[in-house]
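Right, one structure below, let's go through it.
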Amino acid sequence: MDKFRMVFQFLQSNQESFMNGICGIMALASAQMYSAFDFNCPCLPRYNLAYGLGILLVPPFILFLLGFVLNNNVSMLAEEWRRPRGQRGKDPAVLRYMFCSMAQRAMIAPVVWVSVTLLDGKCITCAFCTSVPMETLGNASHPGLSQGEMKQVLARIPCKEIYDGQELIDNEVAVRYLRCISQALGWCFVLLMTTLAFLVRSLRPCFTQAAFLKSRYWSHYIDIERKLFDETCAEHARSFAKVCIQQFFEGMSTDLADTCCHPPRKAPADVGEAAEKLLGITDQGTMNTALKSWHRCKPPLHLHPPALASGNGWAGDGQPPAHPPVPRREAAAYYSRV
């Protein structure tokens, strides 16, 4: 259990590097999935376009959603977006920064899939084989074929084993033409994505440096605050359980002492330390009220000397405590001593 806890703490402390590694693994997995995918074009005029574009666009959308699912910050973003304002306002710039950071990582695997698919050329060949220019590449004046029959023959271009229109257009000519267009689109897509990534990662902080630093700082603060709150709740729950179990066994010991005339045993010293960590919250109702208050009315981001603060404001239904103003000299003297 301790080893798993150490691994979990290591992943939490290196969350950004861990998420970058997950995105890289997903990108490699998407390329491997496409190479292992058995592409079977239906070779029918009504289904070629839907099948080709479906293979090109549907898996990237699934990978994009999967990138959000594997990101631990999605729940934090949703919680920060939906929480009541309370004593702490919500900055839309911070929420946009958090969403854009997650979206950038989630787009890596879809971009790799689309790039590999276009450079391979099978999807474009299957989707647009009926749109081959017959005037320049084939025999557009072939006798005895209507427009529908011609499309029926062209739809079989991706399937060499059943293609029977060599007198209309050569199969290799049509495939090379469509694959050339697909690869050109693929390299243009790679160039476009690389340029956008360069602009987002390099030039955006230069033009909005102050806003960028502010958004990044408070996004880190929200992440760290949530982790520390979870750790504090876990420590409180552990101390609560220890004291509760100890009180149960003390009660059992007292009952046994009354019936069997055995002296009750003293409580160990660590139970007293656990009771001190409860911070006065010693029943379920008070704990539920504190948790609801944390969600409904988080404390303001304005620190006071600990001796002058009298509460968090949750006991008064979310109203801020009426603290007297702290003189500047007293506050300066306090922080100089600290």
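FYI, residue positions are counted from 1 along the chain as it appears here.
Glycine residues also receive a Cβ, built from the backbone N, Cα and C atoms like all the rest.
Taken verbatim from TrEMBL:
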TRANSMEM  21-37  transmembrane segment
TRANSMEM  49-72  transmembrane segment
TRANSMEM  181-200  transmembrane segment
REGION    308-338  region 'Disordered'
Take the transmembrane segment (49-72) and find every residue of the same chain, 6 or more past its ends, with a Cβ under 8 Å from one of its Cβ atoms. 15, 19, 22-23, 26, 30, 33-34, 37, 39, 41-42, 102, 105-111, 113-114, 117-118, 122-128, 130
Which residues of the same chain, at least 6 past either end of the transmembrane segment (181-200), have a Cβ under 8 Å from a Cβ in it? 100, 104, 111, 114-115, 117-121, 123-125, 128
